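Let me begin by presenting the structure, written as structure tokens, before commenting on it.
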Amino acid sequence: MTHIYNFSAGPAVLPKEVLAQAAADMLDWHGSGMSVMEMSHRGPEFISIYQAAERDLRELLAVPANYKILFMQGGGLAQNAIVPLNLVGHKAQPATIDFVHTGSWSGKSIKEAARYATVNVAASGKAGAFTGVPPQSEWQLTPDAAYLHVCTNETIDGVEYNFVPELPAGATIVADMSSHILSRPVDVSRYGVIFGGAQKNIGPAGLTLVIVREDLLGKALAICPSAFDWKTVADNESMYNTPPTYAIYIAGLVFQWLKRQGGVAEMERRNIAKAELLYAALDADDFYQNRVAKEYRSRMNVPFYLRDESKNEAFLAGAKQRGLLQLKGHKSVGGMRASIYNAMPIEGVQALVDYLNEFAGR
Ligand code: PMP
């Protein structure tokens, strides 16, 4: 049988070992006589799963003790509302939020935040068709902004930050890391809030992670729904409402898998190797094209175009025949996209590169 490699942008490939473990645990978790799906979120079995997941994530990302890790629902798009609802309540209304517009996802964040605050687009990559991050020297920041929002990896545009913004002391950075969290080490202390949907590098859709510095809790607008108030969620150890228990369990298995692989430093090493291999094949001649400036090319999401777009369908059909799945680009930008998250082995990238070379007649 052809080996299958899944290049989906999310929900995305998960480590085979994790899926096998979940299958083995499915009917009876550790002799409890229950599937994890059937457990009370307040019972000792699930609490042990939750606590291990929290502890392992804290260790993997070296999350400092003065940060809370919240396991929420609603995905990245819900956080686009939940973040401003939580961070502008202490300001004179309407508060101002700064944004750097680097592609589709930060664009959606800007639109949603405008319902709760005044938004200032401090810089935009739009004129350059979102092929890089505008240099920080050009950002027009608001002196008393509630916070600065950045999307550190634009999943559709394939643009990834290679720097952490430098802000004056006391200013807060909020980062949407949905599509590259855990792919590289990150200095959490440089950010006030990091959030991300789970369905790329962490586990199944339905779980959203929020890492928030404690002094930022308790600043919510009065209209913020209780279940979305980070302080309420934190005070209740993510169990104010029923958390997405099964997704947390799978995320916990992924965290254990990451630790066995050598953690995020090892992931970064592998992700650099995979990305270099793939971009080299795309850059070999002008048969394919990735338009992102080299220093901002994403290690996770690699959009590319065929020079002759009339070959798109043939390219995808041939890829499918070789077990290379879900390579079609996002409908908003067209072309192709290969997402090469942590769980994509280098063998999968090599198989894609072999096919790229073959299709290009090299
Ligand atoms: N932010 C980023 C960077 C994303 O990639 C996505 C999903 N692809 C979202 C936000 C939205 O996530 P969700 O669909 O889980 O709301």
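Using N, Cα and C of the backbone, Cβ positions are placed for all residues, glycine too.
Over in TrEMBL, the protein carries these features:
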DOMAIN    4-352  domain 'Aminotransferase class V'
BINDING   Arg42  L-glutamate binding site
BINDING   Trp105, Thr155, Asp176, Gln199, Asn241, Thr242  pyridoxal 5'-phosphate binding site
MOD_RES   Lys200  N6-(pyridoxal phosphate)lysine
Tell me, which recorded positions from Trp105, Thr155, Gln199, Lys200, Asn241, Thr242 are within 10 Å of Arg42 (L-glutamate binding site) if we use the C-alpha atoms?
Thr242
Can you see whether DSSP assigns Asp176 (pyridoxal 5'-phosphate binding site) to helix, strand or coil?
strand
With the Cβ atom as the reference point and anything under 6 Å counting, tell me which of the binding-site residues (Arg42, Trp105, Thr155, Asp176, Asn241) are near ligand 1.
Trp105, Thr155, Asp176
Residue pair the residue listed as 'N6-(pyridoxal phosphate)lysine', Asp176 (pyridoxal 5'-phosphate binding site) - Cα distance, angstrom, rounded
13
These are the binding-site residues: Thr155, Asn241, Thr242. Which one scores highest on other Cβ atoms within 10 Å?
Thr155
